[in-house]
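Following: one structure in structure tokens, then a few remarks.
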Amino acid sequence: MKTLLSNNINDLTHRENYGFFAWFGGYSSFDESRWLFITLFVVFFLLLFSFILFRKPIVKKYQLCEKILYMNKATFWKVSGFIALMFVLFRCLFLFMTDWPAKWESIPLHFCRLCIIAISVLMLLNKLHLIKYVFFFCLLGGTLAVLFCDLNNNPIFQNQNQGYPIHYGWDSYIFWDYVLAHFYVFAGSIIPFILTQEKISKKDFLKIQAIFTSMIIFFFILNYLTTFLPNKKWWANWFYLGISEVNTLQDIFPPLTKWPITFITGSVISLIGFIPFILMYWLVSMFGVEKNDNNKYVFKIYRENSFTYFKQSKFLN
């Protein structure tokens, strides 16, 4: 209630419209919930790093086990993928059936949403080894989503809400959807990638780069084409490549985040954006923790790692 009063929302009727599933949020703003957002991701990343650090014994145990949560491994991954897709579908229906100002978001083609669908479909098809082609997309998209979270009040949504503030804090479905979706983007790509023991070759990296560049071109054009629609709610901002009027990140690094310069920015990111993550991927593969002959956990440095594999691979087989 403090949040509403501090924003001069004194109209009882309008105040009662706020709620967990209201498109304009609950009573707590994102700024008030930022501490929870940061805490959740810090704890999540610590757990994920622990998984990466202990990957050798975990992979051995995974290979020996026949069932996970009373299901065989193939069924477990299929169920996981199906559940994730149901959450995607629920969000699509939620955005479409409410007065959500950005109706285009009900079509899940945004960067991380597309990653979620790709991961989930591969799980359903039992093609976990192909997640390596989504791996760097998830790392890049998830990292940008955490660093530049756009759940704060924005003029586009506030105007739609008759000038009243938007509250996507801890008591809003939008807040938890954002958090859990990006948990899945990281965990759903990293964990299967490690368990399948896949590695990235030079040829794989070229394919990933080509896919990303093609997507930048495709979505820049598609976003622009949606501006010919009479209803502005369908003017899309997929991959944050929409025109400035609908791009919530346009003021972060102007003019680089202003349309149409975003096409150049996106193209450059598609070429160099994965570099920090492949360097981190190589670095992390060089060490780990596993049990020695005395059944004690010890820290180890690995000479044979993802970097040596990449270096020895060829662009063309």
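Just so it is clear, glycine is given a Cβ too, placed from its N, Cα and C backbone atoms.
Automatic, uncurated: that is what TrEMBL annotation is.
As written in TrEMBL, here are the features:
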TRANSMEM  35-54  transmembrane segment
TRANSMEM  75-96  transmembrane segment
TRANSMEM  108-126  transmembrane segment
TRANSMEM  133-153  transmembrane segment
TRANSMEM  173-196  transmembrane segment
TRANSMEM  208-229  transmembrane segment
TRANSMEM  261-284  transmembrane segment
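Among residues of the same chain six or more beyond the transmembrane segment (75-96), those with a C-beta under 8 A of the stretch's C-beta atoms are 21, 23, 67-69, 102-103, 105-108, 113, 116-117, 119-124, 126, 128, 173, 177, 180-181, 184, 188, 192. Sequence-distant contacts of the transmembrane segment (173-196) (same chain, six or more residues past either end, CB-CB distance under 8 Å): 20-21, 23, 25, 30, 33, 37, 40-41, 44-45, 48, 51-52, 55, 58-59, 62, 77, 80, 84, 87, 91, 94, 112-113, 115-116, 119-120, 123, 128-129, 131-132, 134-135, 138-139, 141-142, 145-146, 149, 151. Non-local neighbours of the transmembrane segment (261-284) in the same chain are 52, 136, 139-140, 143, 200, 205, 208-209, 212-213, 215-217, 220, 239-241, 247, 255, 305-307, 310; each lies 6+ residues outside the stretch with a CB under 8 Å from one of its CB atoms. For the transmembrane segment (208-229), the residues of the chain that approach it from at least six positions outside its boundaries are 104, 109, 133, 136-137, 200, 235-239, 241-243, 262-263, 266-267, 269-271, 273-274, judged by C-beta separation under 8 angstroms.
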